[in-house]
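**Student:** So Swiss-Prot says this about it:
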BINDING   Arg48  NADP(+) binding site
BINDING   Arg126, Ala127, Ser128, Gly286, Lys301, Pro302, Thr303, Ser304, Ser305, Arg328  FMN binding site
Amino acid sequence: MPGNSFGKLFRVTTFGESHGPAVGVVIDGVPAGLPLTVEDIKFELEFRRPGRLYVSGRREKDEPEILSGIFNNRTTGSPIAVIVRNTDVVSSFYEEIRYKPRPGHADLPFIMKYGYENWDYRGGGRASARETVGRVIAGAVAKKLLMLADTWIAGHLRSLGPEELNEEVTFEEVLCSKYSPVRASKKVLEEKYEALIKKATQEGDSYGGIAEVITKNPPIGLGEPVFDKMKAELAKAIMSIPAVTGFEYGLGFMVSKMKGSEANDEIIRKDNKIGWKYNYAGGILGGLTNGEDLIVRCAFKPTSSIRKPQKTIDLRNLEETYISVIGRHDPAVAIRGVTVVESMVALTLVDHAMRAGVIPLVKLTEEQGNIVQQRWERYVRSCKPMEESQL
């Protein structure tokens with residue numbers, strides 16, 4: 001099963017299955033001298049951890065164990081290996097799907113490709129969103145390394161089911177959405193999302209949603225003009241996330257309904273610098289980052305595993321039957337998915353920042369390490385509940 005690695009210079013390989021002993025990641029290419037602790041990783045992991053309000057009831061502590069690559073709270077330049085042990089596994093929930101593939105899930109395609117006898121039906125195996133633990137761990141490292149360029153990344157849930165944000169949102173509000181149980185950037189929207197989730201849970205159903213991630217102060221010129229355009233790199237990274245079905249940046253598909261005179265973003269002076277009036281392009285032109293806020297969105301489909309009975313095939317006799325999936329599943333995977341999208345944006349940007357020479361390949365100086373640490377601490381302080389930010 002190839003295709004488990006991402007990136008060229010900052011290279012990430014995830015491993016593990018949903019109901020195996022552990023999931024984890026190996027991160028290769030991290031320069032020496034980056035201040036990094038378990039707490040830095042746990043800060044990001046907490047926002048995708050199950051067992052919280054409105055998400056999967058699986059009670060995982062998600063305690064990262066660093067196996068290599070860090071000494072005295074600094075990276076050594078060698079590969080960083082981190083595992084998270086699976087401590088709340090209940091495989092008995094999945095005995096029925098052993099013979100009844102779930103509609104909307106990867107069960108049947110996996111059986112068709114790898115063979116029934118090789119299929120790990122427990123919790124979806126490698127196709128489970130549990131795999132994204134490794135992405136978020138690597139994303140935490142990437143986010144901290146990007147602090148060298150003072151680049152900040154934060155996301156929120158732009159829509160959930162029929163409810164959506166129809167007003168402007170500040171980056172500070174997006175940062176604070178980390179502490180919203182439904183990743184809403186506005187209090188009134190949070191209440192609407194919560195009502196939808198409660199309704200879906202009662203009905204044994206689920207909802208999809210749209211995640212939006214904003215990158216402040218991205219380095220200029222990241223990406224390459226042809227096959228490695230930044231939009232293409234981000235699209236691949238984000239579309240690789242389980243349950244993601246669509247990607248756009250800037251105005252996205254809306255631009256197809258506009259005239260050139262409407263869609264072209266005028267070039268103006270902004271704070272004594274050259275810039276764009278509205279940032280319609282979402283921070284990418286010609287495949288390169290242009291210094292404006294990098295704005296991407298992606299669509300998450302509704303959780304496939306639901307209690308409502310759905311038609312499927314019993315593989316023992318190839319007859320049609322029904323399945324009602326019993327287990328601990330998210331009523332909306334998009335909620336925890338926001339953190340994963342942030343991580344994939346960070347992994348893409350840090351890899352290109354290293355390719356462009358913005359971030360050193362070998363080591364950070366002591367001064368650079370101190371700058372990174374100061375900015376990271378400011379970032380962590382800025383991520384606080386809405387009430388504390390008086391939103």
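Please read every residue number as a count from 1 along the shown chain.
Each residue, glycine too, has its Cβ placed from N, Cα and C.
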**Student:** By the count of other Cβ atoms within 10 Å, pick out the sparsest of the binding-site residues Arg48, Lys301.
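**Tutor:** Comparing Cβ neighbour counts within 10 Å for the binding-site residues Arg48, Lys301 gives Lys301.
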**Student:** Could you round the CA separation between Thr303 (FMN binding site) and the residue listed as 'NADP(+) binding site' to a whole angstrom and send it over?
**Tutor:** 15
**Student:** Round to a whole number and give the Cα-to-Cα distance in Å for the pair Ser128 (FMN binding site) and Arg48 (NADP(+) binding site).
**Tutor:** 14
**Student:** What Cα-Cα separation, expressed in whole Å, is found between Arg126 (FMN binding site) and Arg48 (NADP(+) binding site)?
**Tutor:** 17
**Student:** Identify, in sequence order, the residues in the chain of Ser305 (FMN binding site) that are 6 or more apart from it along the sequence and have a CB within less than 8 Å of its CB; answer 'none' if there are none.
**Tutor:** Arg102, His105, Val325, Gly327, His329
**Student:** Check the DSSP secondary structure of Arg48 (NADP(+) binding site), expressed as helix, strand or coil.
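**Tutor:** DSSP assigns Arg48 (NADP(+) binding site) to coil.
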**Student:** Roughly how many Å lie between the Cα atoms of Arg48 (NADP(+) binding site) and Lys301 (FMN binding site), rounded to a whole value?
**Tutor:** 17
**Student:** So if I draw a 10 Å sphere around the Cβ of Thr303 (FMN binding site), how many other Cβ atoms end up inside it?
**Tutor:** 23
**Student:** What is the Cβ neighbour count of Ser128 (FMN binding site) at a 10 Å cut-off, with all protein chains included?
**Tutor:** 21
